[in-house]
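One structure below.
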Amino acid sequence: MSQTNYIPSTPNKSTPPSELSSTPIDENDIGLLVSLNQEISSNIHVKIKIEENITIGRSKTCNIVVPELIVSGKHCIITRADAIENGNTNYGLLMIQDQSTNGTFINGKLIGKGKSRLLKNGDKLCLGKSTKEIDISFLYKSNYSNQLLLSSSTNNLNNSGTAQYIWERKDIKDDILKDYDFIKELGSGNFSVVYEGVNKNTGKRVAIKHLNLSKINTHTPKFKSQLNREIEILKFINHENVVEIYDIFYTKDQQLFFILELANGGELYNKIGFNEPLLNENQSKFIFKQILNAVSYLHSKGIAHRDLKPENILFDSYGDDYLKIKITDFGLARFIHEGELAKTLCGSPLYVAPEVILSLHHKNKYGTNSSSSSQSPTKDINSVGYGKSCDAWSLGAILYIVLCGTPPFDDDDDEEMSTPQLFEKIVSGNYRVEKLEKSLISSSAADLVKGLLTVDPDKRLTVEQALNHPWITEINNNSNNNNNNINNNSSNINIIKKSPLKTVNTNNNNNNCKLSSPIKNSSKLKRNLSNEPLNNNISNNNNTQTSFTGSLLNQLQLNEGELLKKRKTFLSNNDQKENINPVINNPFLKSSQ
């Protein structure tokens with residue numbers, strides 16, 4: 001900024017916050033620094049582009065000149081903290097760097113020379129320490145304040161004269177607010193809320209996951225000791241395909257906060273089509289190998305994810321051609337009581353391994369303290385090995401959905417299926433193998449899916465075996481380099497927006513590809529929940545297990561015929577998926593994060 005503005009010397013006369021609403025705002029500005037002294041002739045219009053800065057000080061070389069002795073030659077520097085990149089919304093956030101001798105203050109707190117602090121809507125900026133003789137202070141009014149987490153009350157100013165934010169009423173602790181500001185809520189689940197935040201000192205965008213453990217765990221010393229061990233393990237996770245954990249806060253009242261790397265390219269969930277996939281086989285392979293590498297790394301650290309699903313697989317950046325992924329929410333299930341896990345199954349059952357369902361059934365039948373190995377149908381639900389095999393199953397379900405565009409355990413003839421019926425299909429391995437075989441994918445890809453969707457965990461492919469599967473090892477070597485743009489892997493790999501048939505890489509002369517459309521399963525899923533064995537006409541190379549839904553209904557507190565939350569699907573009224581007609585009912589479940 002080349003223009004220099006002079007602000008005259010003024011006595012101390014403050015303007016009440018209630019009178020600030022009449023101050024005109026230029027919509028082309030980022031915001032206004034509204035003078036809190038009536039003798040200052042004009043406010044400071046913050047017109048600033050990305051990577052530009054505004055200097056405020058006594059020197060004539062500054063953009064904003066304040067000729068007061070308390071103000072240093074170059075007192076502070078204002079930069080944008082909300083650069084618009086990768087599709088991010090502009091939130092009107094500013095970063096203030098203190099360059100002064102007498103101090104720059106935000107809401108009465110000294111920034112410190114050479115240090116920076118975030119300035120958000122409603123904050124008070126003061127040049128030098130306020131005294132009775134002089135007070136050079138401003139109230140920042142962002143033109144984008146309606147996009148921040150302001151409270152819904154008519155008076156957005158608290159007793160200190162600064163904006164009141166939603167998290168101030170949500171038990172978000174001072175330890176977190178010392179270093180981070182919360183911008184907006186990204187999503188919520190049964191036990192957690194995820195916010196987009198920003199580091200006050202650096203302006204770096206982060207994701208903040210808030211887990212309220214007081215609702216789901218005990219206060220025993222044993223649990224707290226285990227929690228500390230788990231936190232220490234998670235802090236040392238470092239992999240290019242795993243969302244980085246910057247910091248973890250744990251409060252005395254069992255509030256857990258994860259400060260996470262922000263992957264803002266959207267979820268894998270948003271690139272799954274309806275009945276026909278949006279990703280071709282080479283793109284699916286490129287993505288799935290990254291997922292396998294990430295899960296393999298976590299397993300090597302003794303961490304089982306336990307909640308793998310497309311919603312927990314994020315793209316690093318926006319764009320159809322940028323397919324680098326990062327998985328998130330790993331290890332969080334280790335902080336959740338097993339009893340609560342049973343409740344979550346009803347909200348996100350599509351990726352649950354058979355042994356998880358059987359384990360819950362076993363504990364309901366024999367009791368949680370049962371140690372009879374002869375009666376137990378599964379491994380210990382809390383063991384690491386158990387979690388690893390469950391992850392492999394979930395990966396198989398994810399790969400099936402990505403390749404086929406529909407979930408493996410679903411009914412072609414009905415949009416609605418009860419949770420017990422879905423569980424019955426899962427534990428019997430009764431997935432739609434004909435859909436997989438008739439889809440336009442290679443036999444090698446289908447073989448990998450079948451190996452992962454094997455009911456017996458001892459016969460199921462491990463993640464390491466999946467990494468060594470021919471479908472993965474034959475991946476183009478170019479996909480292993482550091483340039484993650486998928487266009488470098490093949491000249492013919494483009495995301496197919498909508499097509500009746502899957503398009504594959506034309507450079508791959510695979511004789512196993514079939515051009516026939518998928519055949520619908522003519523057998524309608526039975527609606528009554530009996531104890532009869534399932535129909536075994538379809539063979540998936542799995543060990544079929546008998547029905548147990550009668551007692552499982554009691555374990556999960558479900559009634560016979562109860563539907564999967566009315567099949568909430570991938571498309572809600574307020575949530576439109578990428579490139580998919582919103583009037584179509586997608587047969588997936590929209591599970592909570």
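Using N, Cα and C of the backbone, Cβ positions are placed for all residues, glycine too.
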Could you check which of 1-24, 361-384, 505-528 is flagged in Swiss-Prot as region 'Disordered'?
1-24
Rounded inter-Cα distance in Å - Asp307 (active site, proton acceptor), Ser192 (ATP binding site):
14
Sort out for me which one of Leu186, Val194 has the most neighbouring CB atoms within 10 A, since those are the binding-site residues we care about.
Val194
For the binding-site residues Ser188, Ser192, which Cβ has the most other Cβ atoms within 10 Å, all shown protein chains included?
Ser192
So how many other Cβ atoms are close to Asp307 (active site, proton acceptor), meaning within 10 Å of its Cβ?
25
For the domain 'FHA' (54-111), the number of residues DSSP places in helix, strand and coil:
0 helix, 21 strand, 37 coil
